[in-house]
Amino acid sequence: MTDKKYIVALDQGTTSSRAVILDHDANIVSVSQREFKQIYPQAGWVEHDPMELYATQSAVLTEILAKESIRSDQIAAIGITNQRETTIVWNRETGIPVYNAIVWQCRRTASICDALKEQPGLEDYIRENTGLVLDPYFSGTKIKWILDNVEGAREDAEAGKLMFGTVDTWLVWKMTQRHVHVTDYTNASRTMLFNINTLKWDEKLLKILGIPLSMMAEVKSSSEVYGQTNIGGVGGTRIPIAGIAGDQQAALYGHMCVEKGQAKNTYGTGCFLLMNTGKEKVTSSNGLLTTLACGPKGEASYALEGAVFMGGASIQWLRDEMKLLADAKDSEYFATKVDSSNGVYVVPAFTGLGAPYWDPYARGTIVGLTRGVNSNHIIRATLESIAYQTRDVLDAMQADSGIKLSALRVDGGAVANNFLMQFQSDVLDTTVQRPAVSEVTALGAAYLAGLAVGYWESLEELAGKAVIEQTFEPHADPVKRKQRYRGWKRAVKCTQAWAEMHDEDFE
């Protein structure tokens, strides 16, 4: 055990940058957060300014240490967790990005993916070697788009002048004064360029997409010292950066789901269900991803993942675009003012459908509207859609793995909504466990960093600190459960291939 007092987790998310300080008992001492701008150049396109990502992340770190009067020599290590797949390409010499960060939600490369699907055997090769599906969601086609569309980028890349990184790589490179170009297995596994069998960059895929190997970062485990940073505050001590994991894998680790068959769902902007499958690579036949997660010591292990693109973002849509809510937190109050959704289903496929459908051309739909439907029914149906989408993924996961979950661990902003959690339990017919500490993603990053530097000796030491705040048990009528879910499946069919079939109608 070290005599340092604190661990810091940096959580660079889709809408905000956060810093979380933990003490040796894994208690949260303080949290600091700054939001940043979402950029929408065209319909279906989503970008961030990479310099703003770094500026907000470094600002919250400096801010939180100053606020708590904590010196850098009191920090044992920093762990980083980040929005995954989001793609940044920058100049190795100047450090300036050649284009905005293309965000995981961005669908601009759908046509590139369609063209690649014409290559015989390529989809199967990608599935077998990266564990992913050929979809705009992942980094590979985003890098290709930048190299193909930014003037001079392809030439500079071929000359070895450009670097690629997911957000973790960009932050570490900046925080170490441009000395360390590194990523971890969990983030690498989300690029569609990393071979999860050999644990190396896949040179065949790099060649197909026209991406030079020189752009790619060194790939390491999720729990080791990658470099040092002097950003943070007074004390004069450089702080080790000792943990990196993509946000969903960090949450899985924060829940201590490190053994085969343990699973969690994170309800954030999107919803992400992960099940650890240990050393066994399970290839999905139900539209799920095979990805890399963290074993007990931060080493690479395998997991199944299902991604729902619109989770909490659908509630933001009710608030910001539909003006049905003043505050997202009010959704529970209005949803419980009615006894049911009155036959209404909302399918929030605003940017396509993720697992298990993988339809980039699906678009959002409200079905079952009658004269008796009011705003409360639509709010309730939107909340219910989050639970139904989770059921879609969990059914596929259990079919692939052969494991029936006894309980689902949950985290993320929406888990504070008791209506949603109870409905989730009812829809799944499974126990839902909500932990006392909501910052599970930050916990995972902190645990990985702390274990790397000896701040904590083992996961067993941490296990006693985990507390379940509330357990939700299913109590829905089995016949009604089946009927409701059948209605959901019919509603999903109404959304599929909409943009592909109807785009010309809007020209």
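In case you wondered, yes, glycine gets a Cβ from its N, Cα and C as well.
When Swiss-Prot records Thr14, Thr15, Ser16, Gly312, Gln316, Gly413 as binding ATP, the matching candidate from Thr62, Thr266, Thr269, Thr370 it lists for that site is Thr269.
Same-site candidate for glycerol binding, as annotated by Swiss-Prot with Arg84, Glu85, Asp247, Gln248, chosen from Tyr137, Tyr185, Tyr302: Tyr137. Cα-Cα distance from Arg18 (ADP binding site) to Asp247 (sn-glycerol 3-phosphate binding site): 12 Å (rounded to the nearest whole number). Rounded to a whole number, the distance between the Cα atoms of Arg84 (sn-glycerol 3-phosphate binding site) and Gln248 (glycerol binding site) is 8 Å.
Largest CA to CA distance in the ADP binding set (Thr14, Arg18, Thr269, Gly312, Gly413, Asn417): 22 Å, whole number. Under 8 Å, Cβ to Cβ, and six or more positions away along its own chain, Gln316 (ATP binding site) finds Ala328. Within 10 Å of the C-beta of Gln248 (glycerol binding site) there are 29 other C-beta atoms, taking all protein chains into account. Largest CA to CA distance in the glycerol binding set (Arg84, Glu85, Tyr137, Asp247, Gln248): 15 Å, whole number. Secondary structure from DSSP puts Gly413 (ADP binding site) in a helix.
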